[in-house]
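Take a look at the structure below.
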Amino acid sequence: MSLLEDYPPSLLPENYQTLKERAIDWALANGLIIRPTAEVALPQNVSAIHAPVALFPSLIPREAFEQAVNLQPIFNKLYHNMSLDDAFINSIIREVSKVDDFIKRLYDIYLKTKDNVQPIVFCIHRSDYLLHMDEGDVKPKILQVEFNTIAASFSSLSAQTGKLHKYLMEFTGYFDADARLNAESLPENASWTSLPKGIAKAHELYGSSKAVVMMVVQPGERNAFDQRWIEYNLLQNHKVHLIRKTLAEVSEQASVDPTTGSLTIAGNEISVVYYRAGYSPDDYPTEQQWQARLLIEKSKAIKCPTVAYQLVGTKKAQQEIAKPGMIQRYISDPIQVKKLYASFAELYPLDATPEGEAATKLALEKPERFVMKPQREGGGNNIYTKDIPSTLARLSVSERSSYILMELIKPPPMKNTILREGELISGYMASELGIYGIFIATQDGKVLVNEPAGHLLRTKSADTNEGG
């Protein structure tokens, strides 16, 4: 792919104005919305703004997109098998937990509850990729940024964004300015229905028609509408009720039956606990939230995810599984193994091992090649290029071991126009492709569901390191 100077097309100012007005109204009318920031002087539950979107569909090669979709069931199986390997979890988490209190608290819950077996394992995954091009490359390839095992968001709004682009295409034809902007260029996105379908299947397997699903949410969630569409889809298409609770509310209102292990809250037995919170230390401001997480994990409710799944979703697990010979412990098909390794960027430990010391030296000498990643989800946590040496200088060897070092992925530059809070922002962008996956299995190894579940394409300014 060459530098896409000719995309998106140049339009007349009045055409941009038409697209902007149409996009905003469509978004507001169709639930492509988020809560406004606290600066908006309205009660939170009576106000909303359009979600930030790319005005034009962002480009990604069809071959790369299909490769990512086809990888998802293999990654689903890989991470499931990793989550069942107690020795692997102990080997990667024990040392990290000595210097990372958040990981330590999760690991403590894992150790206390790993023998409390719920026979059904259910997880919603999302594998995120960037296009990568080295100098001299003819075409880009996809490299995995991370694999999410908890709170993979935007499944509803991503599907709505695809519908928005189809509407703009049908209504304006993008003013016939670019032949690439056509209906065939926009893939169908099943994330809108696939995630609720997976939750409904897990609920069915729990085996109680009177039970309800519980979504664990953050207080004051700005992305509530992305979550609400899951709730509405569950009720409309599957006749499954969903309630929303924060971890603090779980602590105050929930109980576990000592005989049956049933989790009950506000008079409702809980079949599936679906976490849209709990991935960040900020979600556990007091001991109350940690006690709620432990209570849920001890219950027989189906957890999405279990603490074990969350632990194998850490960056340390990502770095360890990329080592030669590691995937073969969990995936026997050599063709699948080869495909997984081909999607990995270079990953290194930063611990006291000889490999870790060598990686530290390399990061100090050539920081422009790397990004340092802590064991965190949610964005805003990584350390990039020029900031790496000063960070390494202030960390002890043990503190350093809670990070990994990752090759900096280099997306080919391309242009787009972003619509955010009613304003148009044009410039060079980078797009991160996320593929959702649904995995349901029994503890004894029978796979019930293993499939890709739609996609998310997030576009941000090329000079912004974190989320867009």
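Every residue gets a Cβ built from N, Cα and C, even glycine.
Long-range Cβ contacts of Gln227 (substrate binding site) within its own chain (separation 6+, distance under 8 Å): Ser153, Ser156, Met215, Val217, Glu221, Arg244, Arg276. Here TrEMBL flags Arg126, Gln227 as substrate binding site.
The annotation ATP binding site is assigned in TrEMBL to Glu146, Lys315, 373-382, Tyr384, 406-409, Glu432, Arg458, Lys460, Glu466.
Residue environment of Asn148 (Mg(2+) binding site) contains 23 other Cβ atoms, counted within 10 Å of its Cβ in all protein chains. Taken from TrEMBL, the feature Mg(2+) binding site applies to Glu146, Asn148, Glu377.
What TrEMBL lists as domain 'Glutathione synthase substrate-binding' is 211-312. Confidence in the domain 'Glutathione synthase substrate-binding' (211-312), given as mean pLDDT, stands at 97.
Secondary structure counts, DSSP: the domain 'Glutathione synthase substrate-binding' (211-312) has 43 helix, 26 strand, 33 coil. The two recorded residues, Leu408 (ATP binding site) and Asn148 (Mg(2+) binding site), have Cα atoms 19 Å apart. Take the binding-site residues Pro374, Gly380: by the count of other Cβ atoms within 10 Å of each Cβ, the lowest one is Gly380.
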